[in-house]
Amino acid sequence: MKRERGALSRASRALRLAPFVYLLLIQTDPLEGVNITSPVRLIHGTVGKSALLSVQYSSTSSDRPVVKWQLKRDKPVTVVQSIGTEVIGTLRPDYRDRIRLFENGSLLLSDLQLADEGTYEVEISITDDTFTGEKTINLTVDVPISRPQVLVASTTVLELSEAFTLNCSHENGTKPSYTWLKDGKPLLNDSRMLLSPDQKVLTITRVLMEDDDLYSCMVENPISQGRSLPVKITVYRRSSLYIILSTGGIFLLVTLVTVCACWKPSKRKQKKLEKQNSLEYMDQNDDRLKPEADTLPRSGEQERKNPMALYILKDKDSPETEENPAPEPRSATEPGPPGYSVSPAVPGRSPGLPIRSARRYPRSPARSPATGRTHSSPPRAPSSPGRSRSASRTLRTAGVHIIREQDEAGPVEISA
């Protein structure tokens, strides 16, 4: 009986250990499947350049693997599918001439575009293997950051101003992150320093003298970074501003006075020059008229003080006199020159003879005769006894005196 009981107990113990033995046997057997590994899980790409999605797989099978790359979207997009390195089917137009596969299953994307950004999944399967290997890699595509600059309305600000704004600007770059620096160090937490949600704009509220410093900004993204040149912000005290404004006003006033003082003499000089030119023009006109004026006796007081006779020779036989008839004698009622009286013509003149045109001779100096003295005409040459001289000429001098002198055989009286 004891022997039977011992055998039953040993059998029951064996049944209890059987599941554990079975599990142990399963774990020790080799698994038939593909194992995929990748050195990186995140790759940062640059627009226009290439990115390598690198993977490696291992399998007990020696058959060629079937590789499939997909871009995770709401609806997955198949990038490429191949047996080994041989592409199966037709590539999408977006990836044509930009795809290259390697023996280990890696994928090379050329000429990256912003649309290439996303999560890529690779699946590798082999016919003899039971399990399919999978792996995901994240790819980002960005544009490099161009050099930023700090933009301000003015580099000077008055103390206790309500707000002063600085803007960090750059032309190119995706996914930028901004950092503000004061004197080359990151800004400390200050209730007066306000940043916009994207930290691109810095606003200083209630400006103090301690805000007078150098400011710059730094912009970064996954592939590049840039730092602006520092900008000096000058804070003026209010009392200093009044001094600057008053000094500037005085300088401006002195400048205006100096300009006006220099401008007036030049204007006077211009007027003087115009007057001088006018006088020269008048002198030139006087010089042109002087020869004609010298042939006429002077009028006015000089004639009253020094009257003189004007002798005009007339040729009786000249044919010129026929064209120019003698002027009519002045009537008795017609007034003569003031201060003078002319005696009537002597009746010894031949009225029918033609009068020759007057020939003008230069004036000869003559002494002024005494008042009431009678002058006789100079004696004629004996070679022309039969020719009588007569002159009748009207002369206007200065628009005042008209003197008509007749030279006959008899004398001409000039009374004062």
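The first residue you see is number 1, and the count goes up from there.
Glycine too: its Cβ is placed from the backbone N, Cα and C atoms.
According to Swiss-Prot, the feature N-linked glycosylation site maps to ASN35 (among others). Spatially close to ASN35 (N-linked glycosylation site) yet at least six residues away along the chain are TYR57, SER58, SER59, GLY133, judged by Cβ distances under 8 angstroms. Following the DSSP three-state reduction, the secondary structure of ASN35 (N-linked glycosylation site) is strand.
ASN138 (N-linked glycosylation site) falls within a strand when secondary structure is assigned with DSSP. According to Swiss-Prot, the N-linked glycosylation site annotation covers ASN138 (among others).
Look at Swiss-Prot and you will find 148-234 tagged as domain 'Ig-like C2-type', backed by sequence analysis. According to DSSP, the domain 'Ig-like C2-type' (148-234) comprises 3 helix, 46 strand, 38 coil.
All protein chains considered, the CB of ASN167 (N-linked glycosylation site) has 16 other CB atoms within 10 Å. Here Swiss-Prot flags ASN167 (among others) as N-linked glycosylation site, drawing on sequence analysis.
Under the heading N-linked glycosylation site, Swiss-Prot lists ASN189 (among others), citing sequence analysis as support.
The topological domain 'Cytoplasmic' annotation in Swiss-Prot covers 262-416 and rests on sequence analysis.
Taken from Swiss-Prot, the feature phosphoserine applies to SER278 (among others), supported by similarity to another entry. The Cβ neighbour count for SER278 (phosphoserine), using a 10 Å radius over every protein chain in view, is 10. When secondary structure is read from DSSP and collapsed to three states, SER278 (phosphoserine) falls in the helix class.
The phosphoserine annotation in Swiss-Prot covers SER350 (among others), and the record cites similarity to another entry as its basis.
The feature phosphoserine is assigned by Swiss-Prot to SER377 (among others), with similarity to another entry given as support.
Under the heading compositional bias 'Low complexity', Swiss-Prot lists 383-398.
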Most Cβ neighbours inside 10 Å, all chains, among the glycosylation sites ASN138, ASN189 | ASN138
Can you grab the distance from SER278 (phosphoserine) over to ASN189 (N-linked glycosylation site)? Cα atoms, rounded to a whole Å.
-> 82
If you average the pLDDT over the domain 'Ig-like C2-type' (148-234), what number do you get?
-> 95
How big is the gap, in Å, between the Cα of ASN189 (N-linked glycosylation site) and that of ASN167 (N-linked glycosylation site), rounded to a whole number?
-> 19
Calculate the distance in Å between the alpha carbons (Cα) of ASN138 (N-linked glycosylation site) and ASN167 (N-linked glycosylation site), and round it to a whole number.
-> 33
